[in-house]
Amino acid sequence: MTNSSYIGRFAPTPSGFLHFGSLVAALASWLDARAVNGRWLLRMEDTDPPREMPGARDAILQTLERYGLEWDGEVVFQSQRHDAYAAVVDRLFNMGLAYACICSRKQLEGYNGIYPGLCRNAGHAREGAAIRLRVPELIYRFTDRVQGEYQQHLGREVGDFVIQRRDGLYAYQLAVVLDDAWQGVTDIVRGADLLDNTPRQLYLQELLGFSQPRYLHIPLIVQPDGHKLGKSYRSPPLQVEHATPLLLRALRALGQDTDPELLVATPAEVLAVARKQWRPEAIAQKTTVPEADLR
């Protein structure tokens, strides 16, 4: 890939403040783009207003700026892209590739998250229903730049999946595929918790005629109880005054060498060195890293 053709992105959800796990993901994405003089875009995945936290959008932008992770172009907000999502849902539904589903959560208990196709041929009206995409009985596979080959049988391991919820909100799988294609994203660097989402996205890309980006899934930082760092587990928000030591810690989480002398450097100086020395092949080929190992 030539320097000018790389387009990466970071796409946080404004349901809370950025935490250390967010920093590791943002830093990996930023470095992978900047190391080849590529572009790095910022997209706010704000498709679920009930989960949004007041003030989180601005706080995320300010934190990234203070940590030196500057982006290219305007910030894209998924909440302003509903017309594009609606057009594709309509198209898929009218082509018979998607259908209305009125199954409740209670009805789906016991299926281990794999949709059994209860509404597949029922012909329900769209009003008040979720919209599911029909999946083929095929294996989708790709080679991740860190995790190696990954494959998933969509029919057996996932089942027909939701692209629009019953409340009218658009599902992550649909929005992320449409926005990555619209923005011309060539490389996706994100947490390994999304590894098993990727085959669904590959299918949507194929269905809609989009190019497949390269993927790099980094290990998640996990707490002693095995849960990933996240807003739902009250992970502490990033502190601006600790930017340099936290950047160095994030680099260690990504398997990168760090110089102790950089502890007295500015965030910009840390990033300048890290950008020159970026080695994605040094990232551990595993899906989790205990936070305690990074101290």
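Cβ coordinates come from backbone N, Cα and C, glycine included.
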Of 153-157, 183-187, 228-232, the range Swiss-Prot tags as motif ''KMSKS' region' is 228-232
Of the ranges 12-22, 45-55, the one Swiss-Prot annotates as motif ''HIGH' region' is 12-22
Note: Swiss-Prot has R9, F10, A11, P12, T13, E45, R190 binding L-glutamate, and from Y170, Y172 that site also includes Y172
For L-glutamate, with binding residues R9, F10, A11, P12, T13, E45, Y172, R190 per the record, max Cα distance (Å, no decimals) returned as 16
Note on L-glutamate: the CB centroid of R9, F10, A11, P12, T13, E45, Y172, R190 has further same-chain residues inside 8 Å, namely R43, M44, V176
Taking DSSP H, G, I as helix and E, B as strand, the motif ''HIGH' region' (12-22) contains 3 helix, 1 strand, 7 coil
For F10 (L-glutamate binding site), the closest of the binding-site residues by C-alpha position, picking from C101, C103, Y115, C119, is Y115
